[in-house]
């Protein structure tokens, strides 16, 4: 046993040796991932902890051990690489969210999601950028260019949609889940697009022409990213429907779904588009068409495979963030101005609170104004919950901060080091404090229904999901009659008073008449031995 402990300590001590970092660090990190999953299972019923906070604390504890073992030389197993995050870790998380999202609830609130995710992020971006410029100059934080302040606005406008997945339940609060997470995906895409655009534009001479060009490029990128995700999703559905790989090998159709989902993200990055938006839309399209074209075994396999990859990626991210928070190199650079660093972190956190409140409540009022049904409007308690649940900042903010203020995870400038430590502080505080309290806030503000109902879902919901009634916002309307025909809205007045249902009605007609006969989907997939049966998967 003594020899085993000695070997572990040797691994910790050799983490700074480049000859040993590969095998030793991977072995240790995989072991930590396993530990996080086991601890997460043991804390499943805990009212305070969730998997992201568990991984953060595990990372912090591991960082302390590494610091002691290396005598203060390092607290990390890996060097942070934003490409590792954006290319390998983020795609499975976002795709799984799109693949398993409740589509009817998501698109029913699509305009509100776009208001919060696009317009709201823009409002938050300007408030944080302007506030940081004024306050940092007052605190004499050092020399920052206009590009830096705008980058700070983009960095701290990016919400943590990963942690949101774990503090809100799609089946218990489907309305809030679709709004907060849908906004989070659009928000992340908008923040990354804003950040990348800032790197390309010359900000030394800002005029109306530059602003108009920036806005034009922004909308062009959004539309192109959306079309690319939809096209790749449709292409996967068409190929699997026509060739029907399941007749010979279910492995091939599963592999094709996984690879084409990843292809959508990589192609978006290749063409300088928004990979986040592309892979999210690709996930929605695949769940609507492709998933119904594969065999029953492949349905179960893909559903659990995407969920598993997402879980591993989420755990990896928070585990690393916890370890990186103790990086001694950056803290040494800010040790002489620790008070300014704490002050800057507090101000940035305050700007995050104010920036989110500045668009959630006004845009909620605007959204409610255009909704005719009282049950579809957001009441004040729901608005407070949405505001609170979106306050968490995570790995997207970390990756953008490293991209702007550090190179390959390192920086020698105190001002840049201060921004990195401020980002780490805000991420840790918001994830732990807001993450711990969100579940309790939901229970406090939104009372559960007095009755339970069980329904059968034919969509690829999460593996451990339970279908519960909606909270506070009405019931899912049924647009399909018992014989499978689409129910027509009763009158023109009803069409005008419920535009969302009108769009859904005509989309279903178009979908059934033109899209599903070509691309497959529920009720249009050919049945052969071993293929999925209608309603066979909940």
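Even glycines carry a Cβ here, placed using N, Cα and C.
Segment annotation: TrEMBL labels transmembrane segment over residues 25-43 (candidates 25-43, 139-157). Within the listed segments 195-217, 218-240, 241-263, TrEMBL records transmembrane segment for the stretch 218-240. Annotated range for transmembrane segment in TrEMBL, selecting from 274-292, 445-463: 274-292. Listed as Cβ neighbours of the transmembrane segment (274-292) (distance under 8 Å, sequence separation of 6 or more from its ends, same chain) are residues 86, 90-91, 94-101, 103, 106, 185-186, 188-189, 192-193, 221-222, 225-226, 228-230, 232-234, 236-237, 240, 257, 260-262, 264-268, 299, 302, 459-460, 515-516, 519-522, 524-525, 532. Beyond its flanks by at least six residues, the transmembrane segment (386-405) meets 52, 80, 82, 85-86, 89-90, 116, 148, 151, 154-156, 158-164, 167-168, 176, 179-180, 183-184, 187-188, 191-192, 195, 317-318, 321, 324, 352-353, 356-357, 360-361, 364, 378, 411, 416-417, 419-420, 423-424, 426-427, 430-431, 434-435, 437-438, 441 of its own chain at Cβ-Cβ distances under 8 Å. Here the transmembrane segment (113-136) sits apart from the transmembrane segment (55-73); fewer than 3 CB pairs are under 8 Å, leaving out pairs fewer than 6 apart in sequence.
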